[in-house]
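Here the structure is laid out as structure tokens; the discussion comes afterwards.
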């Protein structure tokens, strides 16, 4: 008898363990957002602690966090450092796993005060949730008194969301009873993607070295070297190296302070730096900076201010560490026409990062790069540096093309991949054509090989423009499925009614969904998938803005996150067992379509 009971128990365990083997492909194995990112908060007078318990295999994006108070004044919340995550479409972004705690200091709050918090996350398996917003009630507190003690308007115990959070059923996420849930603001690329510039702090070092060889900077180094040495030509090598290094550190101090100020200001505007109109504005600024590097106009400090700074620097005594350091610090404030545009571009990069360490470190490396040739000249003389000539103007123009790449990077987020490719093509053709024409004056034999390479690169870069002007090959013309967009429950019902007699596939898409981009690029472009979908009505919902209408549609369809693809039969009824959640490659999706149509 005991043997039979043990056997029965083992059979039951094995049944539950292997049940997943027979699940329909594409069925959701993802939990609701409230379970993936369990949110909690506690308030003790002026201190509010926001915490997220993040399920294994899921993560939150740092750049998607926003905080706003109504009826209260708060300090800017300080998010901890996360880990770096990279994907094909949106590059590097900072994410949080496991557990996240964010302290918020409430300076003062009214009785009806609230704190609105927005976040967004994804699963490693290729599934992204819409932005979540919680409105938290705050206990009323007055501003701290002169003796530093907080004063509560009402003697209230700590506020916590713990009693309100019961795990929702796996069918649909439900908000906590005590918390009001509102739709999140629009997000232009996902948090992994707030339009992060393709730049790192180490690039600043290389840019600084390059700027040193422009016509506004390199000819000044012999004069600066003499001033640093105090007119003394017979200093020991160690003494000359020390003075040059101190001068560069003084210059670096000014730039580092500027980086810290801009990064601190950037913390207040990170959310704004994700909106399309801001990206367009930044692109226009970068284009103007690039044009200044091409010599169309000059960007620099007013001449009167430059004169005052120069006179102040000249009053400092060269040859002494203190005087040399002060001269370097003042020199950092004098922006020449060649340094203004690259410096402005770096400052915009720092502002959109909002990271103090990154801001200070980036401009320190930039100043160090500019100072390295000065150190070499001060210690070894002119023999290690190239002679001045027309080539310095070419270096300046080349930096103009580098800066011009930044608006292309930003605008392709708004215009889409196709226009982005065309813009990169235009930039490539312009750069390689300029480099080819510039090299024609060279007389050295090996430059002929360089000219051939530049000409070939220009022709290759022009390919997307040729396809645009003369038409892409047939294979590329049928690369994308033609979806009909619907934006509400009523429009969806109407489209299903009009499609009576035909099967329907509904794709839910958003710009912040990386796996949606993968579906578009790798799956929907497959000839096998396109062939299998012939005779199927293709509908698509874009929920990028996460508007109330989008939220209502997702709730109506019981969709947890994206990508999600729904299938309807000829009678307009959803076949829920065929629903796809998460990314599927072309082969798996083709097989899924065949099973659906069988």
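Including glycine, each Cβ sits where the backbone N, Cα and C put it.
In Swiss-Prot this protein carries:
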type	residues	note
SIGNAL	1-19	signal peptide
DISULFID	122-128	disulfide bond
REGION	147-187	region 'Disordered'
COMPBIAS	165-176	compositional bias 'Pro residues'
TRANSMEM	197-217	transmembrane segment
DISULFID	216-338	disulfide bond
TRANSMEM	242-262	transmembrane segment
TRANSMEM	277-297	transmembrane segment
TRANSMEM	330-350	transmembrane segment
TRANSMEM	356-376	transmembrane segment
TRANSMEM	391-411	transmembrane segment
TRANSMEM	423-443	transmembrane segment
DOMAIN	459-598	domain 'Thioredoxin'
DISULFID	513-516	disulfide bond
For residue 128 (disulfide bond), the three-state class that DSSP assigns: strand
Under 8 Å by Cβ from residue 516 (disulfide bond), counting only residues of that chain that are 6 or more apart: 128, 509, 510, 562, 563
Residue 122 (disulfide bond): secondary structure state under DSSP, collapsed to three categories: strand
The domain 'Thioredoxin' (459-598): DSSP-derived helix, strand, coil residue counts: 65 helix, 23 strand, 52 coil
Candidate with the highest Cβ count within 10 Å, taken from the disulfide-bonded residues 122, 128: 122
Mean predicted confidence [pLDDT] for the domain 'Thioredoxin' (459-598): 86
Cα separation, residue 513 (disulfide bond) to residue 122 (disulfide bond) (Å, whole number): 8
Other CB atoms, at most 10 A from the CB of residue 513 (disulfide bond): 28
